[in-house]
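As recorded in Swiss-Prot, the features of this protein are as follows:
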BINDING   Q86, G104, E105, G106, K107, T108, D494  ATP binding site
BINDING   C941, C943, C952, H953  Zn(2+) binding site
REGION    863-883  region 'Disordered'
REGION    902-937  region 'Disordered'
Amino acid sequence: MVDIVDKALRMGEGRQIKKLENVAKATNALEDEIAALDDEELKGQTAKFKQRIENGESLDKLMPEAFATVREASKRTLGLRHFDVQLMGGAALHWGNIAEMKTGEGKTLVATLPAYLNALDGQGVHVVTVNDYLASYQAELMGRVYRFLGMSTGCIITNQKPPERRKQYNADITYGTNNEFGFDYLRDNMAWEKSDLVQRGHHYAIVDEVDSILIDEARTPLIISGPAEGDVTRWYRQFARLVLKLNRDEDYEVDEKKKVVGILDPGITKVEDYLGIDNLYEPNNTALIGYLNNAIKAKELFLRDRDYVVTGGEVLIVDEHTGRILPGRRYNEGLHQAIEAKEGVEVKAENQTFATITLQNYFRMYDKLAGMTGTAETEAAEFMGTYKLGVLPIPTNKPMIREDKDDLIFRTKKEKLAAIVRDVAKRHKKGQPVLLGTASVESSEVVSSLLDVAKIPHQVLNAKQHDKEAAVVAVAGRKGAVTVATNMAGRGTDIMLGGNVEFLADAKLKSEGYSPDDTPDEYEKRWPGTLAEIKDQVKDEHEEVVKLGGLYVLGTERHESRRIDNQLRGRSGRQGDPGESRFYLSLEDDLMRLFNTQLVARVMAKGMPEGEPIEAKSVSKGVRTAQKAVESRNFEIRKNVLKYDDVMNKQRTVIYAERQAVLKGADIHEDILKFIDDTVLSYIKGANNGSDKPADWDWDGLFKAISSVYPIAVEQEGAKDAVDKLKGDKAVEALKELIVSDAKDQYSDFEDKLGSEGLRQLERRVVLAVLDRKWREHLYEMDYLKDGIGLRGMGQRDPLVEYQREGYQMYNSMIEAIKEETIQLLFHVDIERVAMTEDEETESDEDEAVNAAEAVMGLDGEAAATGESAPAEPETDDEAEKTTIDELADEQKNEKGIVGMQPISHAEGKVPANKRPKSEELHSPWADGRTFPGTGKNAQCPCGSGRKYKMCHGQNEQ
C-alpha cells in the first residue's frame, strides 16, 4: 500500500524537475548581465524589484533575475557561487515544496534564493533551523548576502527580551528555531498590551532539516504552562522510595515497546501496607494511582543519560532523534516530577497548561511553507497528507561515490563493541577520519571509555557537550580525527575532508577581533584573503584524506527510524568525495530485542561462534522489519496527536482571533450588551423547571443568581406579576426584556461616569482577563477529558468522536461563562477608582480595580501571561472579516455528529476522580444542602438535575 501511495506521489516528478531546470537555465542566461553591474547597481536591484511588484509583477516572473542577483551577491560577499542544482532547489522552495538535497549540497546557501525573493513584498520570511547555534550562524553568514542587497536580517534565540524579538521579527528575513517561533506565537496570544506583540504574521517559512522538525518533533506539542495549585511534591518523593521496594514482573509489569506499566495484585498489597490504607482504588485514593504509575515509569522506562541528563541539579530531557538537550522542556502529567524524585533533585511544582499548539498546526498557519532535507523520500506520503507539501529530489552537483557496506551483526553487545574498537583502531592507524554514531548519551560514553582504554584519541559530541558541537563537527573530517557523536540528525555544519573552510576562516577572523555584526566593513575586507589562506591550508590535507578513502561512518546501532540512519550515512561522501559507511549491530540492541524477539531467539539458539559476525539475510530483513514497525507506530502517534489537536485548533483559532481583535482596540460595546441579553436569558431558561407556566418557575433561585451578576433593581413580586398571565416563550421574553432593560440602564450610568472611551477601555481589559482565565480552565478540562477518553473504546464508542462531541459541549459552556463573568466583573468594578485612573491616564490602577472585583467574586484575577512576549505588530486590517465566538458556537451546533447532543457533565472532564460524587449520590434531590467542591459554577451539576451547578447545588456554597 505504501509503495502504491509513493508511486502516486511521484507521478509527474519528471515534469517538475524539468520546470526547475528551466529556472536554472533562465538564471544562467542572466549571469553575465548581472555580473557586469557594479556594487551600487547590484544593490539597487532590490528597489527595482520592489517597484515592479508594486506595479503588479509576480514573484514567479521575477524569479530568474532575483536568483541571478543573489548568486552574484553571494560571489562578492562569501566567495560562493550557487550551482545549477542549488538554483533548482531554490525554485522548488519558492513553489512551496520540500527540496530533498543530499548532505553537503549547500542547503543553507540554497535558502538565500527563495528567502530574498519572497521578502521583496515586505511581509517577512522565516527561516527555521533546529537549534540556536545554527540560527545565529546562518543569520550571520547569509546575512552578509542579504545586507549587501539592502535586506535586513534578524535572528530569534532563547532568552531574548520582547523589544529585541520584535526588532528581529521586523527584519525582512528572520532566522530562528521551530520552538522559538511557536512559543512566540503562543506568548503573543497571552499578551496584555498591543505593544507586547512581537510577531507580524505568518507569510512564508523555509524549514531546514524539515523531516526532523515536522515529522520527528511533531509528536510533542508546544506548551506554555505555569505552576498549578497545591504542593504535592512529598507524594513524588514518597512513591520514588516506595517503588524501590517493588520488583519487576512480581509486583508490576512493564511493556517497553508500548511504554506502559501496570501494577499487579502483590504490588497493590505492598503499596497499601506501605501507605497504611485499606483500598488503593477507593475514590479518595484515586490520585495515588497516578503517582504510583509515574514512579514505576521513571524507574523502568526513563533512563539517565539516555532519555535525560542531570546537570546542575536539574533533569534535562534529551531529544531522542538528535541527541540534543531540550532546555525548558518538561514531561507532563507528573512524569517529570517523578523522575526528579527518583534522581534526588529538587521536585518542581506541577504545571497547568496556559497555552498549547502542535507543530503541525503551527506551521499549517503559514500562507506558504517549504522545507529542505537530505532524507524526505521515506515520509513523502505524510508530508503531503499533513502539510500538503510535495517532495522533489534535487540531483547532486557531483555523482555520489560513497560505499555503503552491509551490516555486521553480532550476538551480544560486548562482541559488537570489541569489533568496533578493532575497526576504529585500524582506520585511525592509517589516518582515515572516523565518525561513530550512537543512539544515546549513555552509548556514546561507553564507546568513548573503550576508545580511551585502546588509547585512541577522540572527541565526544553528545547532549553534555552540545555547546562545542559546531567546532567538533567542523574538524571531524581532518586526517586521523575520531569523533563519537549521538544522532547526527540536524547537525547543520558540514563534515568536510580536511576541515570546514568557511567555519575555520570565520573562527580565525573572530580570534583576531573581527565580526560581521560588530565590525562588518573590516570583516568583509579581510574575508576573501582569509578564506583563500584557509583553503590553501586545507587543500593538501583534503587530497590526502581522499586517498585514504574519505570519511568512514560507523553506526554503533540502528536507530528506530531509517531516515536517521540515512542522515548519519549522509555525512560521508559529500560533493563527490569518496566515503564509506557501515552499521554494527547486536541481537541485544533495543530495536531487535523489543520488535523482533522471535528472530533473536531463533538466531541465538544456533550457537554462533563468539566474536564472529552473523551473515544472514533473515537478520538484515528483520532489522528493516523492526524499523518499519517502529516508524508505523510513530506515524500513528503523530496522526493521533494531530487528530486530537485539530479539535482544539478550531477553538484556539477563534479564541485567539477574538483576543487579538480586543487587544488591538476593537470596539466591543455592542458585544457586551448582547452578553447581558444572553446571560439573563440563560438564567431564566435555567429556572423554568421545564414548565411553560411562570408560577412553576424557581423565582427565588433566579433572583438570587441574577443578583450575583448585577445589583438587580427589579422587584421579584413585580416581575412575577408582569408575566403571570403569559406562557412559554412569551413569558420568557417578557421577563428577559424587563431585567435586561434594568441592567442596561445601570450600565448606561457607568458610561455617564466613565465616559465612552473610558468604558470601552475597561470593557477590553475585563474581556481579556475573563477570556484568559476561562481559556486556561478550558485547557485544563480538555486535558482531563483526553486523559480518560480512551476508556470509551471499551464501551464500543470511538474515543475521538466522543472527544470531539464533548469538547464542543465544553467549549460552548466556556463561551457562556465568558459572557456571564464579563458582565459580572463589569458590574463589580469600582467605577470611582477607574474614573480616577482615566483622569491620570494610567492603567495599573485600572488593572487593580479589575483584580479587586475578581477577588470580591472569588475569582483568580491574575493574568495568565507568564513569560515575555515579543513579535511585531501584524500588518492586518483591523476591519478584516473574522469569525466571532458566537459564530463558532452556532456553527458547531450544526457540525456533523453534533446535532441533538445531550449536555455532558463538566465534572467528568474537570474534577479529579477523588473529588467526584459517588454514583449513589447522582440522583439526590438538588436542594439537599450538599456541594461538590471543584465543580465549575457554569458546569452542569453532578447531581443529575440538568441544571448549571450555580443554579443547583452551587447555591449552597458560601
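Every residue, even glycine, has its Cβ placed from backbone N, Cα and C.
Projection of Swiss-Prot feature records onto the structure.
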residue : record           : contacts (Cβ under 8 Å, 6+ apart)
Q86     : ATP binding site : E105, G106, L109, V110, L113, N397
G104    : ATP binding site : D494, M496, G570, G573, R574, Q575, D577
K107    : ATP binding site : G89, A99, M101, D208, M372, T373
Remaining residues near the recorded ATP site, that is with C-beta within 8 Å of the centroid of the site residues Q86, G104, E105, G106, K107, T108, D494: M101, T103, L109, V110
Densest Cβ neighbourhood among E105, D494 (binding-site residues), 10 Å radius: E105
Largest inter-residue Cα distance among Q86, G104, E105, G106, K107, T108, D494 [record-listed ATP binders, Å]: 16
Neighbouring C-beta atoms (10 Å sphere around the C-beta of T108 (ATP binding site)): 20
Cβ atoms near G106 (ATP binding site) (within 10 Å, other residues, all chains): 19
